[in-house]
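Listed features, source TrEMBL:
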DOMAIN    203-411  domain 'BAAT/Acyl-CoA thioester hydrolase C-terminal'
ACT_SITE  S232  active site, charge relay system
ACT_SITE  D326  active site, charge relay system
ACT_SITE  H360  active site, charge relay system
Amino acid sequence: MAARVILQPAGRCRWDEPVRVAVRGLAPGQPVTLRASLRDEKGALFRAHARYQADAGGLLDLARAPALGGSFVGVEPMGLVWALEPEKPLTRLVKRDVQTPFAVELEVLDGHEPDAGRLLGRAVHERDFLRPGVRREPVRAGRVRGTLFLPPGAGPFPGIIDLFGSGGGLCEYRASLLAGHGFAVLALAYFRFEDLPDCLDDMQLEYFEEAVDFVLQHPKVTGPNVGLLGFSKGGDLCLSMASFLKGITATVLINSCVANTIAPLHYKDMIIPSLGSDPGRCTINESGFLHFVDVWDNPLEEPNHLSIIPLERAQGPFLFLVGMDDHAWKSGFYAQIASERLQAHGKDRPQIIYYSGTGHCIEPPYFPPCRVSVHTVLGQAVFHGGEPQAQSRAQVDAWQQIQTFFQKHLNGKKSVQSSKI
C-alpha cells in the first residue's frame, strides 16, 4: 500500500464530532476512490464510497476536495459517514450499546469505481458515544425505567429528560452524547422495555412526573428545574409534561404533534383523548412505502379540540425543530398551531426552526438519514422523507441549536462552541 490515510483526531472521537480525513503519498492528480464500511452490533453492513482526485502535490484532503461522484458529490468532509447505506435494504443504523464504539473502515483504491484497482491505503476510525469520564447509571427507581448519563466532574449539572417515539424500548445514544456536553440526561423508556407495558394503551402522566422527581432529587442535578427533549410521540408527551408538571423550564420538540396522539393520556382526574386518525388515509408510493402524513385528523377541527395539549400552561419556553419534508407528521403545521395558541394566551412565541429537505428523523450529527424504516407494529416499510445531503446539514445545526437552547434556559449561557472541522 503506497498511500497513507491521516485522521484528525487520530484513532477515536465522539460520534457527534467531525473527523478530518486526508490521504498522502498519491501521485499528482491521481484519481482514487474512497470507501467506508461499518458493521452494527447485529452484523449488518453499511457502506459508502466517493470518487476523488489528488491535488498537484499528491494530497487529498476531504475538507477541500470535492467528491466527483459516488454516494455524494461536492465538498462533504463527513460524507463517508453520513452517506453510509445498508447492504440489506430497510436496515436502520441505530446504536444499541453506547458502551462500545462503532468502527468505520476507510479504504483508498486506485482509480474510480466501478473500475477501481488495487488497495492503496487503509485506516480504521472508531466513533464512540461516551466521552471519557461520562458515567452511565441504569435507573430502576419505583416505576421509572431508563438510564442516567452524568458528565465528568463533580457537578451538579443541568438535567434533561430524553424521550423517543412510538418504536418503544430504551434509546440511549442521544442522551449519552448530550452528557458529553455537560448535561445530566435521563434516557427514559415508557413502553416495550423490561416490565413496562408492551403497547401504547392508556398513558399515565404520573409515570413521567415520577421521572421528573427522580431527576430533580438526584444530587448531581442542578435544580429546581429540568429540560425536556422529545422526538415524534415523545414530543407530544414532553408537551404534556411541560403543560401539567412542575419543574419544567425548557422543552425541545423534534418533529412532534401539538395534540396528544395514539393513546389517551391520564393525569389525576383529567383525560386528554387521542387525536383521531384514519389508517385508510395512508398512501403507498411507487416504491411500495407507506406514507402516514395524512392519517391524522386536523387538531383544529371541532371534534379534535380536546386532544390539543394546553401548552399555554407551561412555565418555560419551547424550541420546535421541523423537517419540512416530514412524511410522518405535519410538523410545520403543528408548530404553527402551537405558536398561535401561545400568542392567543399572551405567551411568547416559541422558537421554530424549519429545515428544508429534511424528513422525520432528525438525529445527532453524522447519523445516516433514516428515510425509510420498517414500522414496529405494522411490519411494513414507512417513508419518513428527507434528502440525505440536506438532512446531514440539518442534523449538525439542530444539534447545536439543542445545546444552545438548553444552556441558555437551564444554565444561563448564551451559546455553545460549534463543531467545526
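Keep in mind that glycine also has a Cβ here, set from the backbone N, Cα and C atoms.
Automatic, uncurated: that is what TrEMBL annotation is.
Structure coloured by features recorded in TrEMBL.
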residue: S232; record: active site, charge relay system; Cβ within 10 Å: 26
residue: D326; record: active site, charge relay system; Cβ within 10 Å: 25
residue: H360; record: active site, charge relay system; Cβ within 10 Å: 27
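Averaged over the domain 'BAAT/Acyl-CoA thioester hydrolase C-terminal' (203-411), the predicted model reaches a pLDDT of 94.
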